[in-house]
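Enquirer: Below are the features listed in Swiss-Prot for this protein:
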BINDING   Asp49, Asp51, Asp53, Ile55, Asp57  Ca(2+) 1 binding site
BINDING   Asn130, Asp201, Tyr235, Leu236, Glu238  Ca(2+) 2 binding site
BINDING   Asn338  N-acetyl-beta-D-glucosamine binding site
CARBOHYD  Asn130  N-linked glycosylation site
CARBOHYD  Asn163  N-linked glycosylation site
CARBOHYD  Asn295  N-linked glycosylation site
CARBOHYD  Asn310  N-linked glycosylation site
CARBOHYD  Asn338  N-linked glycosylation site
CARBOHYD  Asn414  N-linked glycosylation site
CARBOHYD  Asn445  N-linked glycosylation site
CARBOHYD  Asn453  N-linked glycosylation site
SIGNAL    1-19  signal peptide
Amino acid sequence: MPPLGVLLLLVALGHSTQGHRPLPIRKAHKFDWWERGNFYQIYPRSFKDSDGDGIGDLKGITQTIDYLKTIGIDGVWLSPIFKSPMNDFGYDISDFYAIQEEYGTMEDFEELAAKCASIGLKLILDFVPNHSSDEHEHFRLSEEGIEPYKDYYIWHSGVLDANGTRHPPSNWISVFRGSAWQWSDKRQQYYLHQFQKKQPDLNYRNPALVEEMKNVMRFWLNKGIAGFRIDALPYLFESEEVDGHYRDEPLSGQATDDPDNPAYLTHTETKDQPETYDMVHQWRQVVDEYTARDNFTRIILTEAYTAVQNMTRFYGTPAAPGAQIPFNFQLITLLTVNSTGRDFVNAVQSWTRAMPSGAIANWVLGNHDNSRIASRLGVARADLYNIALQTLPGIAVTYYGEEIAMVDQWISWNDTIDPAACNADPATYELYSRDPVRTPFQWSNGTNAGFSNASRTWLPVADGYRELNVAAQLAAPRSHLKTFMQLTAYRKRRLLAEGNFVLRTVGRDLVMYKRSVPGVGYVVVALNFGPEPATLPVASQFPGTGEHWLKVIASSLQAQPQAGTWINTRLYKLAPDSGIVLERLTGRNDLMT
């Protein structure tokens with residue numbers, strides 16, 4: 001037995017019962033609030049409209065936030081709510097200290113924060129440090145060359161060719177296509193923008209700017225929030241000038257000959273620079289200032305679409321801790337509608353193998369930048385993936401609507417408003433548009449799915465909302481939402497909170513894992529990725545389990561046994577594209593620790 005302060009979560013490798021290599025993952029016996037947290041992302045424009053303008057707002061969130069507590073959520077993360085011209089829907093901030101008027105007032109925010117505190121929900125805000133809006137006062141002052149703001153952004157005079165013609169400082173390409181450099185007539189220099197030209201990059205090689213952004217964090221921490229999700233981290237730093245010049249990036253050799261496409265280059269100079277990790281550590285020091293005051297842990301969650309070894313590096317080290325939760329996007333980037341059980345296991349192990357010792361895993365299946373689970377991975381597998389999300393060891397993150405299996409809504413070119421898509425053309429915009437995954441939340445079968453009473457909403461409500469909505473699923477005997485709620489409730493039991501973890505694949509398509517606590521019992525989770533029903537060889541895969549009769553805790557809708565019934569695992573067959581959670585208690589102490 002390990003000491004009480006340490007539990008081993010054993011990840012068994014291989015495709016059979018032939019041995020395993022254990023991977024120890026530290027868990028404190030007395031869990032901190034976030035260590036087994038269930039987090040939920042709200043996209044504020046799309047959650048609930050309280051004033052009838054067709055746009056979600058803070059009062060709407062406050063009015064409906066009890067729903068999140070009801071479905072078993074611990075922490076809520078809000079996408080940006082700060083003052084913005086909305087060229088990138090809040091990721092272009094013109095005042096880091098003010099609330100966007102469409103969303104409400106500072107008083108509305110404080111009311112929301114108080115409501116969250118009163119019902120035990122932890123509130124997380126987006127922090128967008130890479131850039132501001134070009135309408136930010138600091139950019140205006142920087143463009144005019146006024147100190148101390150002159151070097152708050154990244155400026156360069158460019159390069160003169162033999163004919164005296166001025167060109168951008170380097171060949172760097174924006175994430176949103178085209179040159180990452182924009183000429184300013186006022187300053188007579190180029191400024192860097194890794195995203196839109198209206199989103200100039202901040203200069204983190206300027207200590208005054210670094211302190212400015214730390215003060216932004218302190219302002220919101222003083223409002224009582226529990227932490228930050230930090231946006232677009234790989235772009236925070238670029239390589240430094242060499243002899244007054246920036247190095248060009250090499251051609252990628254990928255399947256594009258479009259020089260405006262960011263995939264045209266390999267981003268050796270503009271992504272994943274080593275200084276980024278130290279900056280995250282500095283931000284961790286800021287939130288730790290507040291933790292030290294009252295012994296309530298404030299957390300950092302990081303967003304970085306990059307190689308897994310870079311993602312996990314954001315955990316930091318014992319000497320220089322970083323993010324408690326560097327988002328794990330492996331289940332998003334590595335899985336498709338055609339993925340097999342082995343593909344799923346490979347995605348899981350790609351993260352657990354890369355994690356540093358003592359770190360806590362997290363699992364993310366969707367967000368505002370990626371197609372919804374039901375559309376990307378298959379409607380039939382929506383419950384299967386939510387079962388996995390809630391039963392794998394570690395932290396779970398759910399994007400609004402995934403609990404009811406919302407789907408992407410097709411949006412025409414004429415109605416498209418996402419800048420990533422608008423920078424493309426009618427033939428290719430769907431490859432880039434994120435509008436389909438940001439449609440209004442489907443509360444009911446009423447007007448605009450209960451989201452708003454406006455004549456027109458900011459994005460159209462998805463087709464099929466009359467059948468697919470919260471009210472209908474709460475009323476149904478079985479539903480995606482009720483399965484989700486069964487899972488979140490059971491997740492708080494010791495078997496899922498503390499249980500050792502042994503993972504198996506059976507053939508190509510059946511995944512099984514066992515979570516167990518000595519003296520308490522065990523849980524077996526089975527996920528059938530195959531096209532045919534699958535038997536569950538529990539006894540052979542997990543020697544020592546003994547009993548063949550197990551209690552059903554939750555299952556996919558197409559799986560027949562309902563929660564609370566018992567099945568004989570020797571006889572039962574799990575339906576295709578389905579998951580099931582089975583329990584056997586051997587003791588009585590399965591309550592939360």
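Counting begins at 1 with the first residue displayed.
The backbone N, Cα and C atoms fix where each Cβ goes, glycine too.
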Enquirer: Of the recorded positions Asp201, Asn295, Asn310, Asn338, which one has its Cα closest to the Cα of Asp53 (Ca(2+) 1 binding site)?
Expert: Asp201
Enquirer: Using an 8 Å cut-off from the Cβ centroid of Asn130, Asp201, Tyr235, Leu236, Glu238, can you name the remaining same-chain residues around the Ca(2+) 2 site, in sequence order?
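Expert: So the additional residues around the site are His131, Leu192, Gln194, Leu202, Tyr204, Ala232, Pro234, Phe237, Thr270.
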Enquirer: Whose Cβ lies within 8 Å of the mean position of the Cβ atoms of Asp49, Asp51, Asp53, Ile55, Asp57, the Ca(2+) 1 site, other than those residues?
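Expert: Same chain, not in Asp49, Asp51, Asp53, Ile55, Asp57, Cβ within 8 Å: Ser50, Gly52, Gly54, Gly56, Gly60, Glu102, Ser452, Ala454.
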Enquirer: Report the nearest neighbour of Asp49 (Ca(2+) 1 binding site) in space among the recorded positions Asp201, Leu236, Asn445, Asn453, comparing Cα positions.
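Expert: That would be Asn453, the closest of Asp201, Leu236, Asn445, Asn453 to Asp49 (Ca(2+) 1 binding site).
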Enquirer: Of all the glycosylation sites given, Asn295, Asn414, Asn445, which residue's CB has the most CB neighbours within 10 A?
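Expert: Highest number of other Cβ atoms within 10 Å: Asn445.
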Enquirer: Once near-sequence residues are set aside, which residues in the chain of Leu236 (Ca(2+) 2 binding site), 6 or more away, have Cβ atoms under 8 Å from its Cβ?
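Expert: Result: Pro129, Asn130, Tyr204, Gln273, Glu275, Thr276, Met279.
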Enquirer: Distance check, please: Cα of Asn310 (N-linked glycosylation site) against Cα of Tyr235 (Ca(2+) 2 binding site), rounded to an integer number of angstrom.
Expert: 13
Enquirer: Taking the Cβ of Asn453 (N-linked glycosylation site) as the centre, how many other Cβ atoms fall within a 10 Å radius?
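Expert: I count 14 other Cβ atoms within 10 Å of it.
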Enquirer: Looking only at C-alpha atoms, tell me how far Asp57 (Ca(2+) 1 binding site) is from Asn414 (N-linked glycosylation site), rounded to the nearest Å.
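Expert: Distance between the two Cα atoms comes out at 25 Å.
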